[in-house]
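As given in Swiss-Prot:
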- CYS69: active site, cysteine persulfide intermediate (ACT_SITE)
- CYS138: active site, cysteine persulfide intermediate (ACT_SITE)
- ASP71, CYS95, CYS138: Zn(2+) binding site (BINDING)
- SER14: phosphoserine (MOD_RES)
- CYS69: cysteine persulfide (MOD_RES)
- CYS138: cysteine persulfide (MOD_RES)
- TYR35: site 'Mediates ISCU dimerization and de novo [2Fe-2S] cluster assembly' (SITE)
- 1-34: transit peptide (TRANSIT)
Amino acid sequence: MAAAGAFRLRRAASALLLRSPRLPARELSAPARLYHKKVVDHYENPRNVGSLDKTSKNVGTGLVGAPACGDVMKLQIQVDEKGKIVDARFKTFGCGSAIASSSLATEWVKGKTVEEALTIKNTDIAKELCLPPVKLHCSMLAEDAIKAALADYKLKQEPKKGEAEKK
């Protein structure tokens, strides 16, 4: 209940800072100016929030964190039998830039093959979201989460010791 209240308070504060008719754009506070409209959009309307069944063989899970700022990101991918990512979900505890980076990453991996998803770089995420230099670590978390999820998926595809000996 307290988390929901805090979320509503943050959303209301950001709405006031970003859309108040009494505050022209040039007079926005410093924190509001740090976030590009793309970050605000992904923060206020995050895409693909949630979880997939981590025990499923076709789901890869990546869990990464940044000790410097306390951000934690879980990103999951679901891959079909042809090696194409058909779904992606995330849960992130962190700032607006971390949430936006996670949201964008899930959008970008969907429809890609496992190998294509490996080419997504933090610099591309940072550029798309117009992240300031002090928030680049958030895009790095997203790249690391993608790589960790892909590695987990690939590990699940390897035959188990007992299965390999039976064949």
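Cβ from N, Cα, C; glycine included.
Distribution of Swiss-Prot features across the structure.
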{"residue": "TYR35", "record": "site 'Mediates ISCU dimerization and de novo [2Fe-2S] cluster assembly'", "contacts (Cβ under 8 Å, 6+ apart)": "TYR43, GLY96, SER97"}
{"residue": "CYS69", "record": "active site, cysteine persulfide intermediate", "contacts (Cβ under 8 Å, 6+ apart)": "GLY94, CYS95, HIS137"}
{"residue": "ASP71", "record": "Zn(2+) binding site", "contacts (Cβ under 8 Å, 6+ apart)": "GLY65, THR92, PHE93, GLY94, CYS95, ALA98, HIS137, CYS138, LEU141"}
Around the Zn(2+) site recorded as ASP71, CYS95, CYS138, what other same-chain residues have a C-beta within 8 angstroms of the site's C-beta center? ALA66, CYS69, THR92, GLY94, GLY96, SER97, ALA98, ILE99, SER101, LYS135, HIS137, LEU141
Of CYS95, CYS138 (the recorded positions), the residue whose Cβ has the fewest other Cβ atoms within 10 Å: CYS95
Going by DSSP, give the three-state secondary structure for TYR35 (site 'Mediates ISCU dimerization and de novo [2Fe-2S] cluster assembly'). coil
